[in-house]
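A quick write-up on the structure given underneath.
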Amino acid sequence: MHPDLGPLCTLLYVTLTILCSSVSSDLAPYFTSEPLSAVQKLGGPVVLHCSAQPVTTRISWLHNGKTLDGNLEHVKIHQGTLTILSLNSSLLGYYQCLANNSIGAIVSGPATVSVAVLGDFGSSTKHVITAEEKSAGFIGCRVPESNPKAEVRYKIRGKWLEHSTENYLILPSGNLQILNVSLEDKGSYKCAAYNPVTHQLKVEPIGRKLLVSRPSSDDVHILHPTHSQALAVLSRSPVTLECVVSGVPAPQVYWLKDGQDIAPGSNWRRLYSHLATDSVDPADSGNYSCMAGNKSGDVKYVTYMVNVLEHASISKGLQDQIVSLGATVHFTCDVHGNPAPNCTWFHNAQPIHPSARHLTAGNGLKISGVTVEDVGMYQCVADNGIGFMHSTGRLEIENDGGFKPVIITAPVSAKVADGDFVTLSCNASGLPVPVIRWYDSHGLITSHPSQVLRSKSRKSQLSRPEGLNLEPVYFVLSQAGASSLHIQAVTQEHAGKYICEAANEHGTTQAEASLMVVPFETNTKAETVTLPDAAQNDDRSKRDGSETGLLSSFPVKVHPSAVESAPEKNASGISVPDAPIILSPPQTHTPDTYNLVWRAGKDGGLPINAYFVKYRKLDDGVGMLGSWHTVRVPGSENELHLAELEPSSLYEVLMVARSAAGEGQPAMLTFRTSKEKTASSKNTQASSPPVGIPKYPVVSEAANNNFGVVLTDSSRHSGVPEAPDRPTISTASETSVYVTWIPRANGGSPITAFKVEYKRMRTSNWLVAAEDIPPSKLSVEVRSLEPGSTYKFRVIAINHYGESFRSSASRPYQVVGFPNRFSSRPITGPHIAYTEAVSDTQIMLKWTYIPSSNNNTPIQGFYIYYRPTDSDNDSDYKRDVVEGSKQWHMIGHLQPETSYDIKMQCFNEGGESEFSNVMICETKVKRVPGASEYPVKDLSTPPNSLGSGGNVGPATSPARSSDMLYLIVGCVLGVMVLILMVFIAMCLWKNRQQNTIQKYDPPGYLYQGSDMNGQMVDYTTLSGASQINGNVHGGFLTNGGLSSGYSHLHHKVPNAVNGIVNGSLNGGLYSGHSNSLTRTHVDFEHPHHLVNGGGMYTAVPQIDPLECVNCRNCRNNNRCFTKTNSTFSSSPPPVVPVVAPYPQDGLEMKPLSHVKVPVCLTSAVPDCGQLPEESVKDNVEPVPTQRTCCQDIVNDVSSDGSEDPAEFSRGQEGMINLRIPDHLQLAKSCVWEGDSCAHSETEINIVSWNALILPPVPEGCAEKTMWSPPGIPLDSPTEVLQQPRET
């Protein structure tokens, strides 16, 4: 059985912690990196870095030898980083980093912060230069003063030369050498200087003109330098000794050092006629001569006196010394350098002033009568203006019983704003190591590192429940010989004096500092601001005790004894629990509930008794804060159901774990509820479970709608906070903005600070705008922004584990106004790429502008000029002004159908550029009122356009808006739907009418009159209809309601009769039914079938063969039908009024005069077939003698009877009745053609009728042969079918 190793591990951990703390406390501070000098333009940011060891070392900063106040405007200090947000003249100078711990303090070398400048070119005295062809040419340039060194460029014949080429060599001095002059090199040359920090480019106002001449002689000339030069160069830097020599042929050039040839293999090398080295050494100092000669023995030379400068160095530094009290100490520091460096002595980062006990002689320091105050760190700093070097040494006193404490670094008084984060530091040394305590106006400050400072107002004390003894707790971090007092959110109650006391067994020492707290509105620190008044009042009320921070409302009782014994608990391995780890996502799918799920952090050695959860609503739209709601959850639970929340709202949650050791660090979360659902769905929601019922913490993977937040894995916890929401930007002043954000989950550790970064558009670097922003502030003011520039901002949250991810960058924000760094006018103008007339009074144009064409010179905007093309007067030009960020413009108030000239310029404070290309565009023709309006081409607005009045932007565009487009589409669709509805209604009405017709007059049904034994048909030709008084014998439809002049009988007739027009013999076609059609038309599928007028078709009943002789009256219209499934019936034949089809098989129809003829039906009818020729010669052609074909027809019918025999029956009084069923498959017809009988057989699906040509009847025979069926008076009107006249 293994023994319990828990106590052993705890004891080992505590021992190692004590040893490490002791070792760290005995280590002297030293720098691992020191700040470097920087050059920046005014208004630009500067960042200095410094780091030191051991980890207990604290870093502060000095400016020009004085302690730098971290609350200065435009200055931010965070650990070892110093950030100057906006450089101004008061912040120029040298900066030093100061590192201190319990052993002592040391100071770094100075880092100079200077402003970048670029001077102006001086006047040039020589404007025309002559160079010989095939020789060397030299263009001198007096480079203006610049910090840092300017880059030299040349503009040669209008083209820029930035780097050396094969024929052009830009020398380090800024001069230009032409290696081999030719005639092509003549022209103008201008020198320019470019500052890489300010990005300024200055060109000399008057350049030089190069003339190329023929070689005149073989003389040798040294064009540069013209006289000897003294040159001081820095050790280990590149050097070029220039020597430009001309002559034809090219002279020989060689170099001497101190009168001797330069040995080959040295650091020097030849560069054309120059002498160069990449790294010069101190041994390279001396005199260098450039010798040039030709074949004729002409020699010329020039001399350089080179002095190599060396950085300050220390060959022998300080040594640590341990002496007894009252002894004498000597420190020696051997320094070297060119020029000779000066040596400065420091004790604990403070300059040592000569005194009776402190003497400086040469490079040594002598201290007489050492006392306790002399212990600490000593420094020797060597500086010769080229560089610096320092050496440190420690002075200790022998351990002969120890000595009283000495405060090495005292706390510094500060003036801060309400709500700021304040840190007071104090370091002391002594033997044994002293214990440091803090006091305020109320006495000793007792605290625990895990607790935060809270208000001490009597109101808050009285508002607490009885028995709750909650002492004000400060956040104090103490180590051996060092202590820091932190106040996370300072208030007016914290103002006053604070005393740092260091004590050991030999005595005590004190140092004090004053803390002044001012309201934020009068704060001189301009970078940090509070939220709106509502948020400030809320924070102040919390500080007053109604809702005092996170822990003030928790039922916590902190006894002084527990606070005093806190270090012992830490020593025994017991501490307060860590912050809970929240697993819930930052959003919920329900509008009024949220499940908060977490898991416990480290319990600190004691079980967690309870969790305290506080939540409130955040109105992220206006920055309003709701009131806190506090819930206590048993320590065994890991889930809390929050109910009665507001939909679509942002909530903030703070929770801590409590054990017997106290409350741990708070965990923070922000979540958003979903949108409100419908009333029906909301009523069906399950009721909220009671608080305290444990649940399994399950996070649905389907929750993908996280509002842009990246969820961390719930199975692990990174510790760093989540990225804040995207910040919002609002205007504070002309050159400053407010950056406001909303934090999210703190990752299990409280957020200690925020950091805001900014980026100027068209640059790639993010810079720090503000850091060390207290967590109580969710807004910051960023100042000194450049007018006219566009910026983006992002926010970072910081806690004990580190920095969060960067938030999403804000939307671009453009600072109003124009930059103040315009130095010259732009040269090249924009290019108009496109013009279009969008209406009769407006023209739209687009252009492109390339900043690099003007050396990236900023512009303020564009001038757009336009005038009618037919005008030659420049005063007719009108001008529109457009912002520099625009890429298109709409010119308005133009004349219709007029051509315009359009040109542009870009401008800034320096002036206007050259004109762009000229475009000609003509406006459209003015529309006539009431004319159709054609849609105008849609104009897309560029993303960066910000319509700002005038005719710029989409507000004045003539293109249809989306609302007008929707209106047009809606109207078109409405008209289409209306047309469709009318069409459907017409189809339904027509279908209903057809159904009505088919109901009474089925197409394939032949009506059989029960009382009909025969029929009379009046046949009227179209041409003869008017011969009988313009009238017909009776009406066609209803009681003569259709006059003879009505000639359109309209109905569908497919090649034959397809329907029967209803009616009765007594005013209609058949009795018992009235006509429902006021106008009945007959349509023909083949309109050309109506030939030579119309005709009447009728069903001809088949007669017995014995009576075929009486069929002669039928002439050519005898027709034999075979009807399948027919039966004999006594019913009379049907009456069928039809229209003549197109003549087929030789059948021809002839128009007849209006006559009344009998239909040959029985043998009892007298023979009226022989008619006088003169009676019919005007109407009908003579009919040849016929012989009956009825027998053949009957035989044909009988022969086909096996297949589908037709049945015939003889009716009463000799009537032959033919009954035709609904489906007729075969019809056989026989017609006379001359003396022969032609048979035709046609297979159809409906009854087929042929024209019945009736012969004329004499007047005497007409009345005798008139037949009337029983029950019908003879004076009844006869039904007549009048055919349409064909045109």
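Heads up, residue numbers simply count up from 1 along the chain you see.
Glycine too: its Cβ is placed from the backbone N, Cα and C atoms.
Keep in mind that this is a model prediction, so the values were computed, not measured.
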Open item on the list: Tell me which of 448-467, 868-887, 1268-1287 corresponds to the region 'Disordered' entry in Swiss-Prot.
Closed with: 1268-1287
Open item on the list: If you look at how Swiss-Prot annotates this chain, which of 531-553, 669-691 comes out as region 'Disordered'?
Closed with: 531-553
- [ ] Going by Swiss-Prot, point out which residue in N427, N1062 is annotated as N-linked glycosylation site.
- [x] N427
TODO: Scan C243, C343 and flag the one Swiss-Prot records as disulfide-linked to C290.
DONE: C243
TODO: Identify the region 'Disordered' range according to Swiss-Prot, selecting from 933-955, 1071-1093.
DONE: 933-955
- [ ] Based on the record in Swiss-Prot, give the one of C333, C500 in a disulfide bond with C380.
- [x] C333
- [ ] Can you sort out which of C343, C426 is the disulfide partner Swiss-Prot gives for C500?
- [x] C426
TODO: Work out, from DSSP, the number of helix, strand and coil residues along the domain 'Ig-like C2-type 1' (29-114).
DONE: 3 helix, 45 strand, 38 coil
Open item on the list: Tell me the Cα distance separating C290 (disulfide bond) from C97 (disulfide bond), rounded to the nearest angstrom.
Closed with: 47
- [ ] Measuring CA to CA, name the entry from the disulfide-bonded residues C243, C333, C380 that ends up nearest C50 (disulfide bond).
- [x] C380
Open item on the list: Can you give me the Cα-Cα distance between C500 (disulfide bond) and C380 (disulfide bond) in Å, rounded to a whole number?
Closed with: 30
- [ ] Summarise the model's confidence over the domain 'Ig-like C2-type 1' (29-114) as a mean pLDDT value.
- [x] 90
Task: Proximal residue to C290 (disulfide bond) among disulfide-bonded residues C141, C191, C333, C380, C426 (C-alpha distance) - done: C141
Task: Secondary structure tally of the domain 'Ig-like C2-type 2' (120-204) (DSSP, helix then strand then coil) - done: 3 helix, 38 strand, 44 coil
- [ ] Let me know how many other Cβ atoms fall within 10 Å of the Cβ of C243 (disulfide bond).
- [x] 24
